[in-house]
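*Asks:* After the structure tokens below, expect a handful of questions from me.
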């Protein structure tokens, strides 16, 4: 990790805040671009196929950066990268199935369960305990996120199963995004260079969920091509900044940032997608932001938190 920092010449603070800004802008941007341009205007409604394309482009981006000498290609055993690749694939597939079998409100609200699960995984597997003030700051964040996305509570057995599997996959992917860099002693780009093509390959087997008939009959247009290209550019920013940010902070912080992005997506939907912003949504966004302020303050006062043990999974 130090090799990457020294070579870039950037201080740790600049790297953290830069990757945070890139992740927020890219994540919010890719959601809005996908909804507005890719799905609505271009009519390309194949989420898993789009994710496969995202990771192929991300891999090509890693090759380009390696060729430009921004980082050195490291030799990583493929078997060591399979767990995080499978976790990401599970996250994509189970999220899609959850969205198919649940309402949008239940689909979004279920993601909040990732927060306590990440805390539990970190404590159980890596012996990392958060301080009390940090844990208390998670309450307004989770409640605010719930208020932002919640509108009904219609649940069914299959929908609940897919949601639980999506929560588990998402939590493991977030935790391993940090711990695998430590375990394998690699930088964010070195790990991403292996994880991206492996995830793309594994996700190919889930493409039938998108509907092969509709996919084969889809007529590719110039509008669809440039919309997908723009989506891929932003997705590269998301993937790169995820590993860089979580590698320099923690899985819990990455998860909390996700709530801020959720709030921004709702605000962006109100501004660009003609979504409604009612009092409940506004209150949820405001409460989430207040909780984020408390969380940030707690983290700034607890920079000496215990580090991860190097248990291998």
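Placed from the backbone N, Cα and C atoms, the Cβ positions cover glycine too.
Keep in mind that what you see is a predicted model, and the values were worked out from it rather than measured.
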*Asks:* In TrEMBL, one of 12-34, 104-126 is tagged transmembrane segment. Which stretch would that be?
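*Replies:* The listed stretch tagged transmembrane segment in TrEMBL is 12-34.
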*Asks:* Could you check whether the transmembrane segment (46-68) and the transmembrane segment (224-245) come into contact, where contact means at least 3 Cβ pairs under 8 Å with the two residues of each pair 6 or more apart in sequence?
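*Replies:* Yes, the transmembrane segment (46-68) and the transmembrane segment (224-245) are in contact.
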*Asks:* At a Cβ cut-off of 8 Å, and with pairs 6 or more apart in sequence only, do we get at least 3 pairs between the transmembrane segment (224-245) and the transmembrane segment (74-94), yes or no?
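*Replies:* Counting Cβ pairs under 8 Å (6 or more apart in sequence), the transmembrane segment (224-245) does not reach the transmembrane segment (74-94), since there are fewer than 3.
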*Asks:* Check the transmembrane segment (188-209) against each of 12-34, 74-94, 157-176 and return whichever range has the most CB pairs under 8 Å.
*Replies:* 74-94
*Asks:* Which sequence-distant residues neighbour the transmembrane segment (157-176)? Criterion: at least 6 residues beyond either end, Cβ under 8 Å.
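*Replies:* For the transmembrane segment (157-176), the far contacts come to 83-84, 87-91, 94-95, 97-98, 100-102, 106-107, 110-111, 113-114, 117-118, 121-122, 125-126, 246, 251, 254-255, 313.
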*Asks:* For the domain 'Sugar phosphate transporter' (26-295), provide the mean pLDDT of the predicted model.
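*Replies:* A mean pLDDT of 83 is what the model gives the domain 'Sugar phosphate transporter' (26-295).
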